[in-house]
Structure formats: C-alpha cells, structure tokens
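Peer 1: Reproduced below are the annotations present in TrEMBL:
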- C:Cys130: active site, nucleophile (ACT_SITE)
- C:Ser21, C:Lys45, C:Ala46, C:Asn99, C:Asn127, C:Lys165, C:Ile191, C:Gly217, C:Gly243, C:Gly244, C:Gly265, C:Thr266: FMN binding site (BINDING)
- C:Lys45, C:Asn69, C:Ala70, C:Ile71, C:Gly72, C:Leu73, C:Asn127, C:Asn192, C:Thr193: substrate binding site (BINDING)
- C:4-286: domain 'Dihydroorotate dehydrogenase catalytic' (DOMAIN)
Amino acid sequence: MMNKQGILSIVSQQQIAEQIFEIKCQGPLVKSMTNPGQFVHVKVDSYDDLLLRRPLSICDIDLEQEILTMLYRVEGEGTNRLSKKQKWEQVDVLGPLGHGFPVEETEPGEVALLVGGGIGVPPLYYLSKQLKKRGVKVIHVLGFQAKSAVFYEKEFNELGETYITTVDGSHGLQGFVTDAISKYELSFDTLYSCGPNVMLKALTSQFENSRGFLSLEERMGCGIGACLACVCHPTEDPEGTSYKKVCTDGPVFKVGEVVL
Amino acid sequence: MMNKQGILSIVSQQQIAEQIFEIKCQGPLVKSMTNPGQFVHVKVDSYDDLLLRRPLSICDIDLEQEILTMLYRVEGEGTNRLSKKQKWEQVDVLGPLGHGFPVEETEPGEVALLVGGGIGVPPLYYLSKQLKKRGVKVIHVLGFQAKSAVFYEKEFNELGETYITTVDGSHGLQGFVTDAISKYELSFDTLYSCGPNVMLKALTSQFENSRGFLSLEERMGCGIGACLACVCHPTEDPEGTSYKKVCTDGPVFKVGEVVL
Amino acid sequence: MSRLALKLPGLDLKNPIMPASGCFGFGKEYAQFYDLSKLGAIAIKATTVEARFGNPTPRLAETKSGLLNAIGLQNPGMDKVCSEELPWLDSFDVPILANVAGSEMSDYIEVAEKVSKSSNVTALELNISCPNVKKGGIAFGTVPEVAAELTKEVKRVSQVPVYVKLSPNVADIVSMAKAVEAAGADGLSMINTLLGMRIDLKTKKPILANQAGGLSGPAIKPVAIRMIHQVSQVVNIPIIGMGGIATVDDVIEFFLAGASAVAVGTQNFVDPYICPKLIDELPAKLDEMGVDHISELIGGSWKEVCNIH
Amino acid sequence: MSRLALKLPGLDLKNPIMPASGCFGFGKEYAQFYDLSKLGAIAIKATTVEARFGNPTPRLAETKSGLLNAIGLQNPGMDKVCSEELPWLDSFDVPILANVAGSEMSDYIEVAEKVSKSSNVTALELNISCPNVKKGGIAFGTVPEVAAELTKEVKRVSQVPVYVKLSPNVADIVSMAKAVEAAGADGLSMINTLLGMRIDLKTKKPILANQAGGLSGPAIKPVAIRMIHQVSQVVNIPIIGMGGIATVDDVIEFFLAGASAVAVGTQNFVDPYICPKLIDELPAKLDEMGVDHISELIGGSWKEVCNIH
Ligand SMILES: Cc1cc2nc3c(=O)[nH]c(=O)nc-3n(C[C@H](O)[C@H](O)[C@H](O)COP(=O)(O)OP(=O)(O)OC[C@H]3O[C@@H](n4cnc5c(N)ncnc54)[C@H](O)[C@@H]3O)c2cc1C
Ligand SMILES: Cc1cc2nc3c(=O)[nH]c(=O)nc-3n(C[C@H](O)[C@H](O)[C@H](O)COP(=O)(O)OP(=O)(O)OC[C@H]3O[C@@H](n4cnc5c(N)ncnc54)[C@H](O)[C@@H]3O)c2cc1C
Ligand SMILES: Cc1cc2nc3c(=O)[nH]c(=O)nc-3n(C[C@H](O)[C@H](O)[C@H](O)COP(=O)(O)O)c2cc1C
Ligand SMILES: Cc1cc2nc3c(=O)[nH]c(=O)nc-3n(C[C@H](O)[C@H](O)[C@H](O)COP(=O)(O)O)c2cc1C
Ligand code: FES
Ligand code: FES
C-alpha cells in the first residue's frame, strides 16, 4: 500500500515569463520524487466546479528540503486559479506518477540532447541535472513562441550548452528546434524530448533510428491507469485493441514506441 | 437607474458565539443602507459550484465610515465559506433590498418591544439604535437555544432593557420569548420582531390586535422581485392567486398581513 | 448593420442576448438596474389563461453549479398580462417573446390567440415542457405527435411567429424538433430545465415543497450544447439557445453548437447586470476570434469551414 | 451484524459503498492505494465479447461540476476478463458486480453467460445505457420493451442475479424500471451518464473526439436523486444509486431517495481514497442522525415515518 497523496504548502510562487509561473511546494511527499520526467496530479482547490486534478511535470526537486518545483502556463481555469494562490496556501498533490526519463540509458561521458518545446521544457530541467550528475554531457535546445515566453534560459545554461529558438525570431535562432539541431549540427548518443505533438513528430521522423525518449501529453482523468482516458496506440499495432496509457506506461516512451 | 451592486472589503471578521460570526465590510454602497430591517444579498465567492447569493440582514451601519455589520450563523456551505474569508478579502453585495421596519410608526416617548429569536436577532440591533435615536423607549426580548448561542447581549443592554431566554435555561429565563413577555408583563405600543416562523406565529396569536411588524424568511433567488421564489399569501386571500414577495414587499410585514 | 444584429422570425435583434422566460418577470424589476432597450429581446414569464399562484414554498434549492426551481407557472393570467404588463413594456424599444403555457391544448390556443394580438409581442414561445406543471403539461413535451399537433393549432391562431421551447427530458430530442418543425414552428428554444430533486438531510424530505423541480444553471450546459448541436444540423429553423449561460465564452459556445440567439436565465439572479454585460463584452470577443459578425459563428462546430473573406 | 452491512441479491455487502463501473478498471490500480477487501463490492469495467480499443482521444472534457467522458467501452474482451482480471480479483474478499455491454442482444447474452460463470462474479450489471456506443446500444436503454426483452434473455442464461443499469436519457424512467422489473431484473443501477458536449472555443470543434460524451459528477446528482425517488416507490427490487457522489452526505441523500447501496464513479479520479473514506465516515454520520442501521434510511424521503425504537 502506498501513500501517494499529500498536502503540500506553497513556499513561493512567481511569474517568470508571459503566462508562465514557477511554483515551489513543500512537504514529505516530495521525498519520493526522484525520477525526472514523472509528473504530479494537482487538485488546485477544493471547489467542486472544477472537478479534476491537473497533471504537471516535476521540474526540479530539493530532496533535502522536500521542495517540489513546477513551472506551468496559465491555459484555462485550473492553471489560472493555481496562479492566484499565495505563499503558505496549500495544494493537494497526487504523485509522483508515471514512468519518467531513463537516465541510466545514457552512459557517463556520452552526449544527451534535451529538446523542449514551450511548456514541455520544465521536466528537462530535473532530467538535465541528473544526467549531468551522472557525468553525461548535456546539450539543450529549447523552442518558444517569442522572447516574452522564454524561461529558465540561465538555469539551463548553467548545466550545459543551450540553444534557444523562437518562432518569431525575437530571441535566439528564428525557427523551430529542428532548425537549431540542423544548423548547429548537433549530434548525440541519446535524445530526450518533451513538447507539442508536432515537435515530437518532427523529431521522430528525423531521428527514428536513434536512441530517444519522448514525453507525451494527453488529457487525464485518474492519472493512475484506471479510467483509460489517456491511451495511445503502440506502433506495432496502430489500429488494433492493444494500447499504452500515457499516465502509467508513459508519459515517457521510446522514440517510435507509440503512435503520435 | 440604480446601482445596488458593490464590492465591499472585509474589515473584520470574528466568531461571537457558537456557529455565529460577526463580519464588517466597507464600501461606498453602504451609504444607501439607512433603513433597519432591510437586507443585502451576498455572493460569498466567485466559484460556480455555489450559484446563488445569500440573504443577510443589516445588523448595523456606520454611515460615516461606510461600514456594514452583519451577523450570521454557519448553516451550510455558503455561510461556511463566508466564515473562512479573511480581513481585506472582498464580497460582492447587492443591496439594500426590501422594505425594512417602519421606525416612524412609533412616536417618540412610546414603547417599542423588540423580540428576536436566534439568528433573527441581528436586524433588531440597527432598528433599536434608530428607535432610541428617535426617542422611543426600547425593550428587547431575545431568545436563544442555549447560553453558547447567545450574542450581542451587552450591545442590546446598552440601548435598553434586555431579557434573554434560552430553551435549556442555561442563561436568562428558561423557555421561549413569549414566556418572558408574560412573566415580566411587558407592555408596548409597537411590536417589532424577527425570528423563526413558530415564534412569529406565537406572537401573532398573542398580539393579533396590536400594532406590530414581523420580518419573514424565505429561500430567495433574485432578491429583487423577479423570480417569485419567495412569495407568501396575504391574509385576506389565503388560498387565492394574490401574493406578496418577501424580498420586495417584505421582509417586514404588518402583524396579520400575510399567512405565516 | 451592427456586427451583433440578427434577424430571426418575429425577432429583430439588436444583439443576440435576451433574458430567459421566468427569470426576468415582466421586466419591471430589472428596469431599475438598466435600460431594457439595450436587450436583444425579452422572453417574458409564462402566461396562462387564468391567474395562478403556483407551487407552495420552498420553491428553490441549490445544487452543485445548478439551481432547482418549482415556481409552478405563477402569473397574473393572460388578461392582466395584456392589460398591464405588456403595455408597460411598450415604452422600451425591444421585441417581446411571449411565453405561453397551460394544462390543456385549448389553454395554449386561447393564450396564444390573445397574447399574439398585443402590439409589442413579436413572437410566441410555446412552453410545452415546464416540468412543474403536473397535469397534462409533461406529455406535450415528450411525445412528438402531441407537440406537433399543439404547434399546428397554435400556428393557426397566432398573429406572430411561434417558437417551440423543447424539454431536455426526452430520449430523442431530434424527433421532437423535427416534428414541431414539420408542424410549422418558426423557431425553437432549447433547453428548458432538467427534472431534478434535492433531499434535506435534516428533515429527510425533499427541499422543494413540490418535491421535484427544474434544474438550470451551468450544470446543465453540456446537455444544452449537445442537444443544440444535434438539432441544429437537421432543422432549418433558428434556435434560441439557453442553459447555464454565464459568460461571453458560453454565448460563443452556444453559437458554435448551432444557436442563432441565446437566452440567459439563472445568471440574472446571481448578477442582475449580466445581460448588458454580455452585450458589452461580445464585440471584443469577436475581435479576439477574428470574427466580423456573430452570425458567422452559428453552427461553427459542425459546418465545413469556409473562409470567404 | 454491522450497522453498514446489507444483503442485496447476489451482493452480500459489508457496507453499501462500491466503486462504479468504468471508474475503477478491474481494481488493480486502486489496490496500490488500499485493500480492496474494505469495499462493499466492486463494479468492474464494462465487458464485451471481443476486445475493444474504444474511442479516439481526447476522451475527457471537464464541465462545471461535471465530467464528460467518451471512453467507448474499451476492454480486453470477455475471455481475457475471465482468464486474467477476475482471477486476480479473487484474492480479495469482495463481491464482484460484472458490467456487461455489447452492440447486439446476442452480445449481451454471450457475455452474461460466460462472465456469470466466474466463481467470484456474484451479480451482473447490464449496461443498457452506455451513451458512447453508437450502433444499437442506445435503443436498449430508451425503449422499455427492448430493455425488457434483453433482461429476460440475460436472466435466462445468467448464473447470478442481474441488475439493470438505467439510462437517464429518457422521458419516463418509471416505465423503464417497471419493464425490466417485470422481465425479471433482480435489481437496478441508476443512473448512468447524461449525454452532453463541450465545444472548444479555439478549435471551434467539440473537445471530445467522439463529439458527445456522458456527463457524470456532482452536476448530475439532482437528476439521479429525482429518478431514484420516483422509481424506488414503484418497484420492489433494490436500487444501487450513483451519480455525483463525493461526500458522506451524498451517500445519505441517495439512501433517503430510495437507494439500497451506492456506487462512486468520477470522485475516484479526484481522490483515489474516496471509497474507504466514505466507509470510515458513515458510522459517525449515522450516530449524528440517530440511526442504528443504514437500512433504516432507505426511502426515508417518501416512507411514512415510523419510530419503532
Ligand atoms: C504528463 C503531463 C505533464 C504536464 N506537465 C505540464 C507542465 O509541467 N507545465 C504545464 O504548464 N503544463 C503541463 N501539462 C499540461 C497541463 O496539464 C494543462 O495545461 C493543464 O491541465 C490545463 O488545465 P487548465 O484548467 O488551465 O485548462 P483547461 O483547458 O481549462 O483544462 C480543462 C481540462 O483539460 C485538461 N487539459 C487541458 N489542456 C491539457 C493538456 N495540454 N494536457 C493535458 N490535459 C489538458 C485539463 O487537465 C482539464 O482536465 C502537462 C500535461 C501532462 C499530461
Ligand atoms: C431576508 C432574510 C434575512 C436573513 N438574515 C440573516 C442574518 O442576518 N443572519 C443569518 O445568519 N441568516 C440570515 N438569513 C438566513 C440566511 O440567508 C441563511 O441561513 C443562508 O442563506 C444559508 O446559506 P448556506 O449556504 O449556509 O446554507 P444552505 O442550506 O447550504 O443554503 C442552501 C440554499 O438555501 C437557502 N437558505 C437556507 N436556509 C435559508 C433560510 N433560513 N432563509 C433563507 N434562505 C435559506 C440559501 O440562501 C441557499 O440558497 C436571512 C434570510 C432572509 C430571507
Ligand atoms: C426560476 C425559474 C423560472 C422559470 N420559469 C420559466 C417559465 O415560466 N417558462 C419557461 O419556458 N421557462 C422557464 N424557466 C426556464 C428558463 O427559461 C430556462 O430555459 C432554463 O432556466 C435554462 O436556462 P438557465 O440555465 O440560463 O437558467 C424558468 C427557470 C427558472 C430558473
Ligand atoms: C470514465 C468513465 C467511464 C465509465 N464507464 C462505464 C462503463 O464501462 N459501464 C457503465 O455501466 N458505466 C460507466 N460509467 C458510468 C459510471 O459507472 C456512473 O454510472 C456514472 O459516472 C455516474 O456516477 P458518478 O457521477 O459518480 O461518476 C463510466 C463513467 C465514467 C466517468
Ligand atoms: S488518466 Fe486515467 S488511465 Fe490515464
Ligand atoms: S427572491 Fe426572487 S422574487 Fe423574491
């Protein structure tokens, strides 16, 4: 029997880019959050007009102080309400959930390319820290819409080479993450990525034969594998009845493992 | 065109008896709240799971500082949420609404008997202050369940004679307000009362020929006379199609005017 | 023409926002808050042949994101409505949609005939679905043949276009809609309330004196959207959409589902200024969506996209 | 006997709380959180003859106090359910209510026959009302004669008592209930989800890939309470009540309406510990209400009060 539910206290909340917030929460539950790429399922408040929890990635963990950092974009009512919460208010968190990025697939000394798009960037931060600790060389390519949406550039830079792209060219390279990879001729032993589906598809077609891991997003109900809201088809049975659940089999899958 | 809706800031909130809270709110809307016995319609918060406003009586007004005092009992979800609100948070108030107690029906020098039961006590406070200002002699009879539920005894005592009754006898006279009126042989020129229906019925049968005014309660939708949730029958047509609306024709009616 | 204006049978709308029947009385109370001429139209309270007191109280109970009501068609009767309420409304520049109710078919015909002659009533709304009327009423709203016959009879006597207000308490809303369209309805209103109940844990009895009541408010919006989405694809008459509208986003969602105008009910009780607020907020929302005229949104969730301009 | 224990056909309940079908899979996930033997029973996910993938994603959309789902009967098929899921559940001391679904009458019969032979399945729940199955399915749930025939056929082959799960998307729930009772149903489950839809303002399309979905959660509770209140007064078979249960007060409200046990659906997603929480909280609530045994509450909103003790 596990206890995966806990009440965490907000120790800080701040806006770090347009519509993007960083929230840090503290509590004993954080002790179990060791795997980058896992996520937590957050009940923003206790009002019943907004029923479901919201899945948010683990962006960073301070195991000693039991602090979980999440970065989120205000999308709709749930994230909007979360952004209004003050220091010392509480949130109900279920987690850690899912299978994260396999750090052990990259040997010390090898190169890992971490590619993030928009609000897919957060889980790469905890991942990068752990890879670096293991002695892996990390390269980051982070894509955003515009300069105003860029966040954590400094933080990633401290861990390794970091290339920023923006769609409108207002910061870094103009274009998509794939443009940066081509332009700077980035090579790697393992690819780790999280971001919008179009980006993951582009990466898959470019690197289908590489060792790579992609983190997917899907609307979730339970977050624990019971409701079947978040299923996808495995590549070997694209039309059949077999399936993978993003919440428990993922959110991280091998490149080519599931139909995007 | 009137503006009867305003956002008031909570300037204090405290528990004053078992389940009973006193809340003071400030804002320009308060300027228009001159009539005792009127009520305000309060939207406790902006969450949609609790749709309707809650009717609460005006208990006291500080016109100069624009402060409205309300006393309320935590009954269900709405009043429960209200009780959790902190100083400087805001509430959305519609009011003042309805017809209050007619102060002018009692001449200076006459005696007014103010009889309140439980959470019907609050509107009598602002009424008593105004009657006293007019030179009317005020006597209060306030009935509660038990000592733990008694509130504002001191405040009423400062305005005039005050008799407390409790059902279990733990404070004041044991019994009902009508017992106190009989026992102390209280006589009066005008009766003003607010409280549970059984109490109003008892008073009506005892004083049907006296000059008296009763404040009624009914579940409300709009609070402004449009939805017909709060109707009652006038005494002269108890089975017919004519009706009075508690929210706009009342909440205060003459003794005997409507069917209780 | 304004980007909010729409022409529906009998309803020349400055904008697509109107208060829903039963949630606005005959307008007097709200006229204290704002100029009723701002509204697209007004759907007035259900009118019956004789005056009615309605149900005993309590008549309201709250539910999660919803409201149960059992008012029970309280109204002063058609004579008084025609001699007092409607003349008073005449001073405003706003079309009136008169809600017609009854227990027998003959009641509807009598009210429709009389009320439709009033100079400022520009359309009727047949309330065939009021869940709080106990005798007869229900059958009209759930049997397509009966609804069709009623529509036909009322059309025969009405001086103005007739909208039929559909009940959501049916297995097959499409058959209902098609039946009344075939019978001559000029438009549809949907949806009326869902039948519901709440029980008080202290008294152990239903909160409403009438036991059951009609559920309205945000809780029922998904049911309304689904029904309008289904019906608007198979009928050729316009739909006035309603059920839980509280924000300008809700208004847009109803249009995308297939409504050509909307009515706001319960939210008037929460915010008496809601209708003018929605009217004021719509243009900015259209800008944000890159839409020139609100009519471009009608049925947008199922129509093939055609970017003409 | 414990004050929470109840005996229903095929269901020997330690307490009246069970997870609702489709909201608990086959129990494995929740077994990580608590001991499933604590539960009154478990209603397992709908089972069909063949394995099904279900609908494309997105399969969920939130609404005010509600949840729309269009999972689409995804399940591994009856053979796998009987060879893998049910044997795994055998290690718990808890009766299993097996939810049976299909597109044709013959599917239901085949699944019912096979599944009811499993040693730990103590009752069947006929899902005649799943709103997400497109062919056939709907008719079973909305036409009393068809539902009755299906019930009769399934009763003929089933080794265990049969509960029929009613759809709320009907005009007359009482006729449905009476028809299946007359056809031999041992109990009723109600309600399944209401049909609803949400449209995304950005894409202008329905959020669910399936367009419409089933509405569950607190938003639908008043509809469930109303239907159970109506039905429990006219049938002599027990009702498993569900629809929006989230608190112990909700459980009591369902009992007062006329339910003899309750199922919790959507709330499992919000709080995986909800079922054991409700079970733990019930005794204190009974104390507060001065009730010795939970069965005293059944139908309390309409039964004459009789204070025997
Ligand atoms: C595994 C996983 C990790 C995620 N990590 C992050 C993160 O670190 N930071 C971040 O900003 N966002 C993240 N997301 C997306 C985030 O969950 C949604 O943006 C958020 O749920 C939107 O909620 P809302 O109430 O603001 O929006 P609404 O649109 O009002 O939400 C309505 C419903 O749709 C669901 N929903 C809406 N958008 C998404 C989406 N993109 N993915 C999944 N469900 C969605 C919501 O959960 C909710 O149930 C993650 C999603 C998944 C599946
Ligand atoms: C004119 C008037 C003045 C009032 N003044 C006061 C006051 O000064 N102090 C005070 O404590 N209470 C007062 N009440 C009663 C107060 O409105 C209710 O106690 C309160 O609305 C309960 O809300 P709730 O959400 O806590 O309870 P719930 O039971 O959860 O409320 C559910 C619904 O029922 C309605 N309701 C429940 N009880 C009552 C009731 N007794 N009267 C009217 N509606 C009710 C609520 O407004 C709400 O719509 C007054 C009522 C009226 C009509
Ligand atoms: C208190 C109340 C009274 C109503 N009275 C009527 C009525 O007289 N005639 C009618 O057709 N609909 C009536 N309705 C239904 C509304 O017009 C509307 O169809 C329904 O409430 C859904 O809209 P909403 O969710 O915006 O309230 C009434 C609704 C409420 C809440
Ligand atoms: C995601 C989801 C899946 C469901 N699947 C089934 C199912 O397979 N069979 C069934 O009879 N009911 C199914 N239901 C309906 C529930 O069992 C229940 O009747 C309904 O959700 C109302 O209860 P609730 O409001 O507590 O969720 C499902 C509901 C949800 C939310
Ligand atoms: S979210 Fe429920 S199975 Fe994945
Ligand atoms: S509360 Fe609406 S008429 Fe009185």
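Each residue, glycine too, has its Cβ placed from N, Cα and C.
Predicted automatically and left uncurated, TrEMBL annotations should be read as such.
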Peer 1: Work out how many Å separate C:Gly243 (FMN binding site) and C:Thr193 (substrate binding site) at their Cα atoms, rounded off.
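Peer 2: With the alpha carbons as reference points, the distance is 8 Å.
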Peer 1: For the domain 'Dihydroorotate dehydrogenase catalytic' (C:4-286), provide the mean pLDDT of the predicted model.
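Peer 2: The average pLDDT of the model in the domain 'Dihydroorotate dehydrogenase catalytic' (C:4-286) works out to 95.
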Peer 1: Quick one: pull the CA-CA distance for C:Gly265 (FMN binding site) versus C:Thr193 (substrate binding site), whole Å only.
Peer 2: 10
Peer 1: Looking at FMN and its recorded binding residues C:Ser21, C:Lys45, C:Ala46, C:Asn99, C:Asn127, C:Lys165, C:Ile191, C:Gly217, C:Gly243, C:Gly244, C:Gly265, C:Thr266, figure out the farthest C-alpha pair and report it in angstrom, whole number.
Peer 2: 20
Peer 1: So if I take the binding-site residues (C:Lys45, C:Gly72, C:Gly265) and measure from each Cβ to the nearest atom of ligand 3, which come out below 6 Å?
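Peer 2: Result: C:Lys45, C:Gly265.
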Peer 1: Rounded to the nearest Å, what's the C-alpha distance separating C:Ala70 (substrate binding site) and C:Ile191 (FMN binding site)? Just drop the number here, would you?
Peer 2: 16
Peer 1: Across the record's substrate-binding residues C:Lys45, C:Asn69, C:Ala70, C:Ile71, C:Gly72, C:Leu73, C:Asn127, C:Asn192, C:Thr193, the largest CA-CA distance in angstrom?
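Peer 2: Pairwise Cα check on C:Lys45, C:Asn69, C:Ala70, C:Ile71, C:Gly72, C:Leu73, C:Asn127, C:Asn192, C:Thr193 gives a maximum of 16 Å.
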Peer 1: Taking only the Cα atoms, work out how far C:Lys45 (substrate binding site) lies from C:Ser21 (FMN binding site), in Å, as a whole number.
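Peer 2: Approximately 5 Å lies between the Cα of C:Lys45 (substrate binding site) and that of C:Ser21 (FMN binding site).
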Peer 1: Relative to ligand 6, which of the binding-site residues C:Lys45, C:Ala70, C:Gly72, C:Asn127, C:Thr193 have a Cβ found under 6 Å from one of its atoms?
Peer 2: none
Peer 1: Nearest by CA distance to C:Gly72 (substrate binding site): which of the binding-site residues is it, out of C:Ser21, C:Ala46, C:Asn127, C:Ile191?
Peer 2: C:Ala46
Peer 1: Between the Cα atoms of C:Ser21 (FMN binding site) and C:Thr193 (substrate binding site), find the distance and write it as a whole number of Å.
Peer 2: 11
Peer 1: Fewest other Cβ atoms within 10 Å: which of the binding-site residues C:Gly243, C:Gly265 wins that one? Let me know.
Peer 2: C:Gly265
Peer 1: Using DSSP reduced to three states, classify C:Ile191 (FMN binding site) as helix, strand or coil.
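Peer 2: Looking at the DSSP assignment, C:Ile191 (FMN binding site) belongs to neither helix nor strand, so coil.
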